[in-house]
Amino acid sequence: HFVLRKRRFCRMVPAPGRRFCGEHGHQEEQNDRKRIPCPLDPKHTVYEDQLQKHLKKCNSREKPKPVYFVQDINAGLKDIAEIPEKQVPLSSLSIEELQNLIVKLKKASNGLELHLKEQILSHQALQEALNDPKNGESAFKHLKQQASILGNMEKLHLLGPRRCFVEFGAGRGKLSHWVDIALENIESVHFLLVERATTRFKVDGKHKRRDSIFERLQVDIQHLCLNKVPVLEKKKLPVVGMGKHLCGAATDLALRCLVESYTTCCDEEDEEPAPKRCRAAQTEVAPHKSAGNESTTEEHKPVAGIVIALCCHHKCDWTHYVGRDFFKSVGLGPVEFHYFQRMSSWATCGMQETTSKASTSEDSEDHTNDTEEHEQTLSRTESGSDTLQGVLSAEERKEMGWLCKRLIDHGRIEYLREQGYKAALQYYTESAVSLENVLLTAVPKPSLIPEPTI
């Protein structure tokens, strides 16, 4: 059977004596049995007389929830009154409305730390791979990014023993793979690879060391309660949250998962929980939070650090965004956020009629395109480029898009600082390697030493 949608022949194996597979069996004239869309997933069909049998084994059926699944624990507050009823696309805005948005953007960005520090580092664990001529340009770009992420983790003293590394949006698990290589002679290291979708060509099987344990958590970050993951519930290991190109709202969900739901659950085990905004900072102090006890052992830090390479700001969502308080403090709300997250795409595509010439085919070595990783080029209708003709040049649109990204990111930084973290943004690789080249890092602030009384 030729599948028009995929422009190729069906590759499913038909039953003995049959011309077509079960999915396309209705094409055979002698077959009188009727096929209907599966109620659980209409993307595939099933024989009507076998529907009940199919529903019991369909891969789309609801499966038992794991113990660490807690519905919407990291979703954030959903105040319906704050969400605009109808979101108008950029292409529907007038020139005056666009200019007004740009004025608001510049005003809100005034005084922010927009000049990011360049922190392009490397790590010896990847030197052999970086020097291997068998790796093509695509793989080389991934390796440079991973090497710099590890270099930044090492600079923050996050690569150590007795820790649990949680990779959000893990995909094949390459980042965890290199962290494991870097910690080759270090004991008691656990890896939790969080990915909501099933993934092919995983690298987990390459890790045979007894000292490191790899575990996959197939769950949406929105519903992940780290405190209920058996290894963390049992061993109380400090967590290092990490991610390479964690798309849009997934970054906000991961931050809330680490500094709210996980830290809160850990603190609630103590007799006197710390105030919410100070919990992360107080995790530096010994378990009973005594002012006179200055012990800062690793075991009492629920979250030792966060290192996330940011991307896809156009996929952010106001309901999940952790920087809403910051937006409100500068006079902005959900309407402006909606437009700014759409405008953020200008930073990578500039809304020119001629889009990036980079190949959009998937690389055989990784599940994303290396040249323009996670970049989504919008159509002219979505981008509002017709409206912008004669208002902003391509360079000005690129600058406004970059400003939108930094404004959204600054809200995340403010959120982490309020939660008791020392947070920062930096360039971790060249733009020629990845246009999404900003890394968010955060570590708990040191305990405040009380001033001596006179």
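Each position is counted from 1, following the chain as shown.
Glycine is no exception: its Cβ is also placed from the backbone N, Cα and C atoms.
Nobody curates TrEMBL annotations by hand; they come from automatic prediction.
Between the stretches 132-152, 195-215, 279-299, TrEMBL puts its region 'Disordered' entry on 279-299. Across the domain 'CHHC U11-48K-type' (35-62), DSSP assigns 10 helix, 6 strand, 12 coil. Per-residue confidence over the domain 'CHHC U11-48K-type' (35-62) averages 89 (mean pLDDT, predicted model).
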